[in-house]
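Copied over from Swiss-Prot, here are the features:
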type: ACT_SITE; residues: Glu87; note: active site, proton acceptor
type: BINDING; residues: Gly9, Thr10, Met11, Asp12, Cys13, Gly14, Lys15, Ser16, Asp86, Glu87, Ala88, Gln89; note: ATP binding site
Amino acid sequence: MPELVFFSGTMDCGKSTLALQIGHNRSARGLQGVIFTRDDRAGEGKLSSRLGLVTEAVEAAPGMDLHAYLVDQMSKGGKVDYLIVDEAQFLAPEQIDQLARVVDDLDLDVFAFGITTDFRTKLFPGSQRLIELADRIETLQVEAMCWCGARATHNARTVGGEMVVEGEQVVVGDVNRPAAEVGYEVLCRRHHRRRMTSASAYAAAISPDVLPVTSA
(Lines of atoms letter the chains of each structure in order from A and count residues from 1; the text may use other names and numbers.)
(Lines give C-alpha, C1' and ligand atoms only; values in the text may rest on other atoms or scores of the structure.)
Protein backbone atom coordinates (compact mmCIF):
# COMPACT_ATOMS: atom_id res chain seq x y z
CA MET A 1 0.00 0.00 0.00
CA PRO A 2 1.32 3.47 -0.83
CA GLU A 3 2.24 5.58 2.19
CA LEU A 4 2.83 9.15 3.23
CA VAL A 5 6.03 8.93 5.26
CA PHE A 6 7.46 11.86 7.22
CA PHE A 7 11.20 11.70 7.94
CA SER A 8 11.90 14.27 10.65
CA GLY A 9 14.90 15.52 12.56
CA THR A 10 16.97 18.57 13.42
CA MET A 11 19.25 20.33 11.00
CA ASP A 12 22.48 18.44 10.29
CA CYS A 13 20.93 14.97 10.73
CA GLY A 14 21.08 13.93 7.06
CA LYS A 15 17.51 14.47 5.86
CA SER A 16 18.44 15.73 2.39
CA THR A 17 21.14 13.08 2.04
CA LEU A 18 18.58 10.36 2.76
CA ALA A 19 16.14 11.94 0.30
CA LEU A 20 18.80 11.79 -2.41
CA GLN A 21 19.65 8.19 -1.48
CA ILE A 22 16.01 7.09 -1.71
CA GLY A 23 15.75 8.73 -5.11
CA HIS A 24 18.96 7.06 -6.28
CA ASN A 25 17.91 3.61 -5.10
CA ARG A 26 14.54 3.81 -6.82
CA SER A 27 15.85 5.25 -10.06
CA ALA A 28 18.41 2.41 -10.15
CA ARG A 29 15.42 0.03 -10.30
CA GLY A 30 13.91 1.88 -13.24
CA LEU A 31 11.41 3.91 -11.22
CA GLN A 32 10.82 7.57 -12.00
CA GLY A 33 10.02 10.10 -9.33
CA VAL A 34 9.26 13.77 -8.91
CA ILE A 35 11.22 15.78 -6.37
CA PHE A 36 9.70 18.85 -4.76
CA THR A 37 11.63 21.24 -2.55
CA ARG A 38 11.23 24.71 -1.06
CA ASP A 39 13.90 27.29 -0.25
CA ASP A 40 16.87 24.94 -0.57
CA ARG A 41 20.26 26.39 0.42
CA ALA A 42 21.56 25.71 -3.13
CA GLY A 43 18.88 27.87 -4.72
CA GLU A 44 15.50 27.55 -6.37
CA GLY A 45 14.65 24.17 -7.90
CA LYS A 46 17.53 22.34 -6.23
CA LEU A 47 17.77 19.53 -3.69
CA SER A 48 21.17 19.58 -2.02
CA SER A 49 22.87 17.94 0.92
CA ARG A 50 25.75 19.17 3.05
CA LEU A 51 27.86 16.36 1.59
CA GLY A 52 27.93 18.31 -1.68
CA LEU A 53 25.33 16.27 -3.57
CA VAL A 54 22.86 18.26 -5.68
CA THR A 55 20.03 17.30 -8.02
CA GLU A 56 17.34 19.16 -9.92
CA ALA A 57 13.94 19.52 -8.27
CA VAL A 58 10.62 21.29 -8.71
CA GLU A 59 10.23 24.37 -6.52
CA ALA A 60 7.01 23.95 -4.52
CA ALA A 61 6.05 27.61 -4.55
CA PRO A 62 3.48 29.06 -2.14
CA GLY A 63 -0.01 28.42 -3.47
CA MET A 64 1.12 25.68 -5.86
CA ASP A 65 -1.27 22.70 -6.05
CA LEU A 66 1.06 19.71 -5.82
CA HIS A 67 -1.67 17.17 -6.57
CA ALA A 68 -2.79 19.09 -9.66
CA TYR A 69 0.82 19.38 -10.86
CA LEU A 70 1.26 15.60 -10.75
CA VAL A 71 -2.10 14.94 -12.41
CA ASP A 72 -1.08 17.30 -15.22
CA GLN A 73 2.29 15.57 -15.65
CA MET A 74 0.71 12.12 -15.74
CA SER A 75 -2.08 13.19 -18.13
CA LYS A 76 0.63 14.31 -20.56
CA GLY A 77 2.17 10.85 -20.50
CA GLY A 78 4.75 11.48 -17.81
CA LYS A 79 5.71 8.47 -15.71
CA VAL A 80 5.61 9.07 -11.97
CA ASP A 81 6.23 6.21 -9.54
CA TYR A 82 6.93 8.09 -6.31
CA LEU A 83 7.29 11.56 -4.85
CA ILE A 84 10.06 13.05 -2.70
CA VAL A 85 9.46 16.31 -0.83
CA ASP A 86 12.39 18.00 0.89
CA GLU A 87 12.10 20.98 3.26
CA ALA A 88 8.50 19.91 3.80
CA GLN A 89 8.21 22.06 6.91
CA PHE A 90 7.96 25.11 4.64
CA LEU A 91 4.85 23.84 2.85
CA ALA A 92 1.42 25.18 3.74
CA PRO A 93 -0.97 22.80 5.56
CA GLU A 94 -3.19 22.63 2.45
CA GLN A 95 -0.18 21.47 0.42
CA ILE A 96 0.33 18.65 2.90
CA ASP A 97 -3.32 17.73 2.37
CA GLN A 98 -2.53 17.58 -1.35
CA LEU A 99 0.30 15.14 -0.65
CA ALA A 100 -2.15 12.89 1.20
CA ARG A 101 -4.41 13.02 -1.87
CA VAL A 102 -1.46 11.95 -4.03
CA VAL A 103 -1.11 8.83 -1.88
CA ASP A 104 -4.82 8.04 -1.68
CA ASP A 105 -5.97 9.01 -5.17
CA LEU A 106 -2.89 8.39 -7.33
CA ASP A 107 -1.51 5.39 -5.40
CA LEU A 108 1.97 6.88 -5.12
CA ASP A 109 4.41 6.71 -2.22
CA VAL A 110 5.27 10.14 -0.84
CA PHE A 111 8.48 10.59 1.16
CA ALA A 112 8.52 13.94 2.98
CA PHE A 113 11.60 15.25 4.79
CA GLY A 114 11.63 18.16 7.19
CA ILE A 115 12.39 19.83 10.48
CA THR A 116 9.67 19.50 13.09
CA THR A 117 10.13 22.70 15.10
CA ASP A 118 11.51 26.16 14.40
CA PHE A 119 14.14 28.17 16.30
CA ARG A 120 11.51 29.07 18.92
CA THR A 121 10.67 25.37 19.48
CA LYS A 122 7.27 25.92 17.81
CA LEU A 123 5.92 23.44 15.26
CA PHE A 124 6.12 24.49 11.63
CA PRO A 125 2.56 24.44 10.20
CA GLY A 126 3.65 22.04 7.45
CA SER A 127 5.29 19.68 9.92
CA GLN A 128 2.28 19.81 12.22
CA ARG A 129 0.00 18.78 9.37
CA LEU A 130 2.37 15.98 8.39
CA ILE A 131 2.31 14.65 11.95
CA GLU A 132 -1.49 14.69 11.78
CA LEU A 133 -1.76 12.95 8.39
CA ALA A 134 1.31 10.77 7.85
CA ASP A 135 0.93 7.01 7.72
CA ARG A 136 4.35 6.73 9.30
CA ILE A 137 6.77 9.10 11.03
CA GLU A 138 10.46 8.23 11.06
CA THR A 139 12.97 10.03 13.25
CA LEU A 140 16.34 10.18 11.54
CA GLN A 141 18.85 7.93 13.25
CA VAL A 142 21.92 10.02 12.44
CA GLU A 143 22.12 12.19 15.53
CA ALA A 144 23.23 15.80 15.21
CA MET A 145 25.38 16.92 18.12
CA CYS A 146 25.36 20.04 20.25
CA TRP A 147 28.68 21.80 20.79
CA CYS A 148 28.80 20.22 24.27
CA GLY A 149 28.70 16.70 22.81
CA ALA A 150 25.12 15.91 23.81
CA ARG A 151 22.46 14.90 21.29
CA ALA A 152 21.09 17.99 19.56
CA THR A 153 17.31 18.23 19.69
CA HIS A 154 16.65 21.93 18.98
CA ASN A 155 17.36 24.32 16.12
CA ALA A 156 18.73 27.74 17.07
CA ARG A 157 18.89 30.85 14.90
CA THR A 158 21.99 32.97 15.37
CA VAL A 159 23.04 36.47 14.37
CA GLY A 160 26.69 37.27 14.87
CA GLY A 161 27.04 34.03 16.80
CA GLU A 162 24.37 35.04 19.32
CA MET A 163 21.13 33.11 19.59
CA VAL A 164 17.92 35.02 18.81
CA VAL A 165 14.38 34.01 19.71
CA GLU A 166 12.36 36.60 17.80
CA GLY A 167 11.76 37.20 14.11
CA GLU A 168 10.11 35.66 11.08
CA GLN A 169 9.62 31.91 11.28
CA VAL A 170 11.29 31.30 7.91
CA VAL A 171 14.65 32.93 7.13
CA VAL A 172 16.82 30.87 4.80
CA GLY A 173 20.25 30.32 6.32
CA ASP A 174 22.72 27.56 7.00
CA VAL A 175 24.92 26.14 9.71
CA ASN A 176 28.02 27.13 7.74
CA ARG A 177 27.29 30.85 7.21
CA PRO A 178 29.79 33.50 8.41
CA ALA A 179 29.14 34.48 12.01
CA ALA A 180 27.94 38.01 11.16
CA GLU A 181 25.11 36.64 9.03
CA VAL A 182 21.90 34.90 9.98
CA GLY A 183 22.78 31.29 10.59
CA TYR A 184 21.56 28.23 12.42
CA GLU A 185 23.04 25.91 15.01
CA VAL A 186 21.73 22.71 16.53
CA LEU A 187 21.73 22.58 20.33
CA CYS A 188 20.67 20.27 23.12
CA ARG A 189 17.62 21.39 25.08
CA ARG A 190 19.70 22.62 28.02
CA HIS A 191 21.82 24.98 25.95
CA HIS A 192 18.87 26.08 23.82
CA ARG A 193 17.05 27.09 27.01
CA ARG A 194 20.18 28.91 28.20
CA ARG A 195 20.68 30.48 24.74
CA MET A 196 24.27 29.29 24.78
CA THR A 197 25.71 28.74 21.31
CA SER A 198 29.18 27.43 20.53
CA ALA A 199 30.36 31.02 19.98
CA SER A 200 29.04 32.27 23.32
CA ALA A 201 30.43 29.21 25.09
CA TYR A 202 33.85 29.85 23.56
CA ALA A 203 33.71 33.51 24.56
CA ALA A 204 32.84 32.53 28.12
CA ALA A 205 35.67 30.00 28.20
CA ILE A 206 38.34 32.54 27.25
CA SER A 207 37.05 35.36 29.45
CA PRO A 208 39.42 36.07 32.34
CA ASP A 209 38.14 35.21 35.77
CA VAL A 210 37.10 38.20 37.77
CA LEU A 211 38.93 38.24 41.08
CA PRO A 212 36.97 39.23 44.16
CA VAL A 213 37.66 42.72 45.43
CA THR A 214 38.50 42.90 49.10
CA SER A 215 38.87 45.99 51.18
CA ALA A 216 42.21 46.64 52.80
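Using N, Cα and C of the backbone, Cβ positions are placed for all residues, glycine too.
This view paints the features noted in Swiss-Prot onto the structure.
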| residue | record | Cβ contacts under 8 Å, 6 or more apart |
| --- | --- | --- |
| Gly9 | ATP binding site | Lys15, Ile115, Thr116, Thr139, Leu140, Val142, Ala144 |
| Cys13 | ATP binding site | Leu140, Val142, Glu143, Ala144 |
| Ala88 | ATP binding site | Phe6, Arg38, Ile96, Ala112, Phe113, Gly114, Gly126, Ser127, Leu130 |
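Around Lys15 (ATP binding site), taking its Cβ as the centre, 23 other Cβ atoms fall within 10 Å, counting all chains. Most Cβ neighbours within 10 Å, among the recorded positions Asp86, Glu87: Asp86 holds that distinction in the structure as shown. A coil conformation is recorded for Cys13 (ATP binding site) in the three-state DSSP classification, outside any helix or strand. Counted over all residue pairs in Gly9, Thr10, Met11, Asp12, Cys13, Gly14, Lys15, Ser16, Asp86, Glu87, Ala88, Gln89, the record's binders of ATP, the longest Cα to Cα distance measures 15 angstrom.
DSSP assigns Ala88 (ATP binding site) to a helix. The Cβ neighbour count for Met11 (ATP binding site), using a 10 Å radius over every protein chain in view, is 18.
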